[in-house]
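The disulfide bond annotation in Swiss-Prot covers C39-C54, C46-C59, C53-C70, C61-C68. Marked as signal peptide by Swiss-Prot on the basis of sequence analysis: 1-21.
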Amino acid sequence: MWLKIQVFLLAITLITLGIQAEPNSSPNNPLIEEEARACAGLYKKCGKGASPCCEDRPCKCDLAMGNCICKKKFIEFFGGGK
C-alpha cells in the first residue's frame, strides 16, 4: 500500500512539473509581443520611433510627418504581391 502511495505522489509531481514546463502561449507572452513589434502590418502606425512596415511596404505620413501609416504597395492594388 505504501509503495502505491509513493508511486501516485511521484506521478502527480511529474504531471505538475510537466504542466509548469510548457511554454507560455498566452497573448501576453513577452516573446510574442517583442516579435509582433518587429514590423507594423498594413494600416498600422510606422515611422520614427515606431516599427517599420512589414513586407517592405511604404510608410506614408501626413504633411506634418506626425501620422505615419503602412500602406499597400502599388502592385498590391492589382492583386499582385503577397
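From the backbone N, Cα and C atoms, a Cβ is placed for every residue, glycine too.
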Least surrounded among the disulfide-bonded residues, given as C46, C53, C68, when other CB atoms within 10 Å are counted: C68
Reduced DSSP assignment, C39 (disulfide bond): coil
Most crowded position, judged by CB atoms within 10 A, among C54, C61, C70 as disulfide-bonded residues: C70
C39 (disulfide bond): nearby disulfide-bonded residues from C59, C61, C68, Cα cut-off 10 Å: none
Distance check against C53 (disulfide bond) for the disulfide-bonded residues C46, C59, C61, keeping those with Cα within 10 Å: C46, C59
Cβ-Cβ neighbours of C39 (disulfide bond) (radius 10 Å): 16
Euclidean distance between Cα atoms of C70 (disulfide bond) and C59 (disulfide bond), Å: 5
Cβ-Cβ neighbours of C59 (disulfide bond) (radius 10 Å): 18
Cα-nearest neighbour of C70 (disulfide bond) within the listed disulfide-bonded residues, C46, C54, C61: C46
Cα distance (Å, whole number) from C61 (disulfide bond) to C54 (disulfide bond): 16
Cα distance (Å, whole number) from C46 (disulfide bond) to C61 (disulfide bond): 9
